[in-house]
Amino acid sequence: MMAERFSALQAVAGPVSRETFDGLVAFEGEFRKWSARINLTAPSTLPHLWERHILDSAQLIRIAPAARRWLDLGSGGGFPGAVIAILMKEHAPAQVDLVESNRKKAAFLQTSLASLKAPCMIHPQRIEDCYGQIPPPEVITARALAPLPVLFGLAEPWMKAGARALLHKGRDYRREIEESRDAWGFNLLEHGNEVGGDGVILEISDLRRL
């Protein structure tokens, strides 16, 4: 079972040490424990937590293998930000900033990631309150947070400084792209989801208001 999980992780994220794999397994265990007390994710997805959330998050590393400064907006239960932070342990020096305004979820992230000594900082604030506090990252991530036009408005201050965004989107992503084009210009690359399903990962760069 563990060997299969390790192989699946390497298939989507590239070479990963056994220590990093063990860290992700430990995070999964903490996630399940805390989920019994607070709502970290939809209960229906818990039986498939490794594939549905952890591997789905880990695949971003393959798209931006050289990035060392990441910013995760609306981190929720830690996907993809916590997974990226754990993966970054073997790529020091690295920094992952996770922004989550829900205090209980932020407490979970702080406790679980501190115990794993992940190179990250948790910001228990609204995204808009973090402008000027978090230095420009190389990559911005967001998963199940908001439609593209809203995401662009939230990410704009960092993207103007040169960051690119890797955004998980579902089957309606083309409609969101078209709705964004009235107000925003941007470069777009579409990456297939290596874990399966109808979703994609949108790589956005050179974001600008029209």
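Backbone N, Cα and C atoms are what each Cβ position is placed from, and that goes for glycine too.
Since this is a predicted model, take the numbers as computed values, not measurements.
Positions annotated as S-adenosyl-L-methionine binding site by Swiss-Prot: GLY74, PHE79, ILE127, GLU128, ARG143. All protein chains considered, the CB of ILE127 (S-adenosyl-L-methionine binding site) has 22 other CB atoms within 10 Å. According to its DSSP assignment, ILE127 (S-adenosyl-L-methionine binding site) is helical.
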*Does GLU128 (S-adenosyl-L-methionine binding site) have same-chain partners at least 6 apart in sequence with Cβ under 8 Å from its own Cβ, and which are they?*
LEU154
